[in-house]
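*Asks:* Residues annotated as transmembrane segment in TrEMBL: A:15-35, A:47-63, A:69-86, A:93-115, A:155-175, A:187-207, A:244-266, A:295-315, A:348-366. For A:151-365, the entry in TrEMBL reads domain 'ABC transmembrane type-1'.
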Amino acid sequence: MKDLLGWIGTLPPLAQIPIVVGLFLAAAVAIVLLIEVAPRPGRKFTIIRFAACLVIPAIVFLLLGSVWWAVAAAVVLGGLFFLLDYRSRQGKGYLFALVGFLAPAVVLLLIGLVYPSIQTILLSFQSNRGNWIGFDNFVWIFSQPHNLVVIRNTIIWVLVVPAFSTALGLAYAVFIDKSRGEKYFKILVFMPMAISFVGASIIWRFVYAYRPEGESQIGVLNGIVTLFGGEPVNWLQQVPLNSFLLMVVLIWVQTGFAMVILSAAIKGVPIEQVEAAQLDGTNAWQRFTNVTIPAIRPSIIVVLTTISIASLKVFDIVRTMGLAYPDTGVIANEMVTLLQKFESGRSAAFAVVLFLLVLPIVIYNARQIQKTREIR
Amino acid sequence: MTTSMTANPALPESAVKAVARRTKQRLTSRGATIAALVIAVLWTVPTVGLFITSIRPEVETQRSGWWEIFINPTVTLENYEAVLFGRDSLLGPFFNSIAISIPATVFPLVIASLAGYAFAWMKFKGRDVIFVLVFALQIVPIQMALVPLLSLFSRGITVGDGVLYEGLRNAGQFSQVWIAHTIFALPLAIFLLHNFISEIPSDVIEAARVDGASHGQIFFRIVLPLSMPAIASFAIFQFLWVWNDLLVALIFANGAAAPITRALAELTGEFGQNAELLPAGAFISILVPLIVFFALQRYFVRGLLAGSTKG
């Protein structure tokens, strides 16, 4: 597996695409074919299932480069699984099919998200050399003024960006609703979504650019200021204004997202309700607050959640724009900076702080999902 | 909360369109139109500024703001030439970006559509709990997963003297990035595709089941074709995310494997020095997402809705 990937890696980048995608799709089709034949009755298919239960774990572990006893253990587990499946209450092959559908995703999630999360929590209680040091990393975080600024900034980001993006997106969606050229209006505001944060940072650098007074300004903002006879301002040096100017970039990107989703939600509001309200003699604003808003509330919550998470994780903008300027740090960026200084313990502690900040959002949304699933 | 959710039945698309057409003739208020115009202009100006900066000669860019092109039009392709074929050519990173994005789009989609089907149409113990857990994983900060994943890739797993997993050292330049992106995309992909797949009328699935179709057949013959719109839209989404990603690239794509976002971020780091290349470089990096977005935006929007309006 490693050798194969190593060989693919020597090819030119574009040539790697078809090979890798082809191999992957072949594996996926094999899995679906096995799922397909799994529940069929008859000895032939029982044998196929049995063989798959033994061979697949063996191949997987061999590809991973395991030692023999690990492969043997995997094969034994596969055999046990076959027996379990054979006696499954929903009929032979049901369990087999279920695992076929779910195993790839679950295994990857366990490796890539669950295991690292646990590992990070453990790391946060260790020094860089791996000694257990209790809460020292957290004490360090909350005792350094610089870190407190970072945490404060993160909290401001997560409060300001979702609120403004959603409000602007909603307002825009309402303004252009049913107007002529709605499609093009949408495209203009949605376009920043397609632009990377790195690209966005470079774009906005030319908005905030500063030249000393007397020179010709190359930044739009200072261009406007000097046009009206004002003195040019070095925007990104102004604390705390600079953090908000960076937030503007994320708002610029996320408003389009909010607008598209909310616009679709507005179109889903039952027209009868709107017309009934109209007959009752309500004005446009009353209809908006009493009919539209309640009807699109679920969508607003989804938008707020998504943007909150995006702003908690914001990293690229601060990294490419704010690094040279004072007091613009956020947790997500601080973690990477610490990591690059090999301060893994402190970086992990920051990760845990970030996770604790996200936790309320997770719990709230998990509850919502559970409710909708119960309704179903 | 629950009541407002049920009180939002999806109208048939044709009905919505008919209503929209009827009301289109009605005059929208003038103030709203002006406000919309202002927002639209504010949202577009920065991008236009970047584009104009990228086609102006460097001397001009240093001397005056980009808006002066309207007074003193000078246009050049020098910047693009320098970016593509100069010393710090972005051509390599550009192709790297393609080579990273396409597989990293296909992998999670296939895996997630399999899992989404199981969560939507197969019964098993603890299904709802596991599904909520998968959703919750979406909110784990990626940064949190980076350190352990990196050490897993570079060192593998050993128990005693035995190697359980040898890691991905020397295993090709992109394999780490592909796997990392695939994993990080899965929670949201499963969530969105599940929502779409579970909206397929249960009569259709039941009928197939009565006819004796197995789960494999139902997935291949019914679910996959019907959920193509959602799959296509998520593919576009995922492609844009991967293309625009910097964080994963910074940790997993070193040196020769660096995608264009990382190359650009490194250019921005060296202040002053390659500054004149930035606008052109940024515009090249934006180009592919913009093309994808404009060509496929119809699907794009539809896919966003598949998961989001259901809450």
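Using N, Cα and C of the backbone, Cβ positions are placed for all residues, glycine too.
TrEMBL entries are annotated by machine, without manual review.
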*Asks:* Using Cβ atoms and a strict cutoff of less than 8 Å, what residues sit near the transmembrane segment (A:69-86) while being 6 or more residues removed from its termini?
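*Replies:* Tertiary neighbours of the transmembrane segment (A:69-86) are 46, 49-50, 53-54, 56-58, 60-62, 92-96, 99.
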*Asks:* Take the transmembrane segment (A:295-315) and find every residue of the same chain, 6 or more past its ends, with a Cβ under 8 Å from one of its Cβ atoms.
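*Replies:* 154, 157-158, 161-162, 165-166, 169-170, 197, 247, 250, 254, 257-258, 261-262, 264-266, 268-270, 273, 330-333, 336, 354, 357-358, 361, 364-365, 368.
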*Asks:* Please tell me whether the transmembrane segment (A:244-266) and the transmembrane segment (A:47-63) touch - that is, whether there are at least 3 C-beta pairs under 8 Å between them, with each pair 6 or more apart in sequence.
*Replies:* no
